[in-house]
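Over in Swiss-Prot, the protein carries these features:
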ACT_SITE  CYS112  active site
ACT_SITE  HIS251  active site
ACT_SITE  ASN281  active site
REGION    252-256  region 'ACP-binding'
Amino acid sequence: MSNISVIGTGSYVPNNIITNDFLSTIVDTSDEWIRTRTGILERRISKEENTIYMAIESAKEAIKNANIEANDLDLIIVATLTPDNFMPSTACSVQKEIGAINALCFDISAACSGFIYGLEIACSMLKNSFRNKALIIGAENLSKIVDWKDRNTCVLFGDGAGAAILSKTKEEGILEFHSGSNGLKGEHLTCGVLKANNISNKNDRLENDNFIKMNGKEIFRFAVGAMSETICNIQEKTKWDLSEVKYIISHQANSRIIEYTAKKLNTSKDKFYMNLDKYGNTSAASIPIALDEMNKKGLLNKQDKIILVGFGGGLTFGGVAIVWSI
């Protein structure tokens, strides 16, 4: 059976930068408060860009980086919790714009774990079918579901998209996954939709609950436990010692979560790549944006061992061991 490798990456973030100082003018907060509690200095917020646009731009970059044509793609999966439409799917919209006429396309929703879930689904589909190449995108326009009056959440999130292209290869690539869900704790991180149809609504605007709401303490506890356990599980499957792993690329939610996870694993936080200071939490986009940034900076060499790991609403979690092949 063929191996599956990452052969290209891409990303897109809006040009519009929102600093901590700006947020201190609209909610009761400060740069010092945000920085010391989250590690975030700024985030990118879309002006004209929507989820589809950002997904398309990241896809174009990944295709170019992989040195393939769009019609070489057999599968497109977009992980997003902020689609522009219920239908057509974001993946189908990407297919149309890039000209990937041969691809099977669909979206998935697993919040911040979405990109990991997408990789696992794609690997399974490539290994068990005639398909050879897949485009996996994490794309989010979180600014449209953030309550900009809630200082506990509005300081955390940003917009952006990241992509990776997978291909069947002879060389070692994506090795082992570990993923799961805990719906029993789902109420700790929510974003509602309209609760009723509007056929009998007498008001101009339906009351809804369509902003991100989070129990920060519970999510922190879950995140540290889920990420450390996932990494340990992947170590067991691969027989890797953490000293062999060049980087751990985790979901970019909060620097404290990463620091506590490193401490629990008895390893240095420097093993964890972080760019959340520039982009904040971009949900499903955070891991592929970081991966593309590392690829562009030349931080990864062939045969480097890396682990991607994330957690998110649902609650969900997942990780994957990869031998880098670009």
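Counting starts with 1 at the first residue shown.
Glycine is no exception: its Cβ is also placed from the backbone N, Cα and C atoms.
Overlay of Swiss-Prot feature records on the structure.
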residue: CYS112; record: active site; DSSP class: helix
residue: HIS251; record: active site; DSSP class: coil
residue: ASN281; record: active site; DSSP class: strand
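With a threshold of 8 Å between CB atoms, the same-chain residues lying at least 6 positions outside the region 'ACP-binding' (252-256) that come near it are 37-40, 112, 156, 220, 223, 274-277, 279-282, 286-287, 289-290, 311.
Every protein chain considered, the tally of other Cβ atoms within 10 Å of the Cβ of HIS251 (active site) stands at 30. Note: the CA-CA distance between ASN281 (active site) and HIS251 (active site) rounds to 8 Å. Here CYS112 (active site) is positioned 7 angstrom away from HIS251 (active site), judged by their C-alpha atoms.
There are 24 other CB atoms within 10 A of the CB of ASN281 (active site), with all protein chains counted. The 10 Å shell around the Cβ of CYS112 (active site) contains 31 further Cβ atoms across the protein chains shown.
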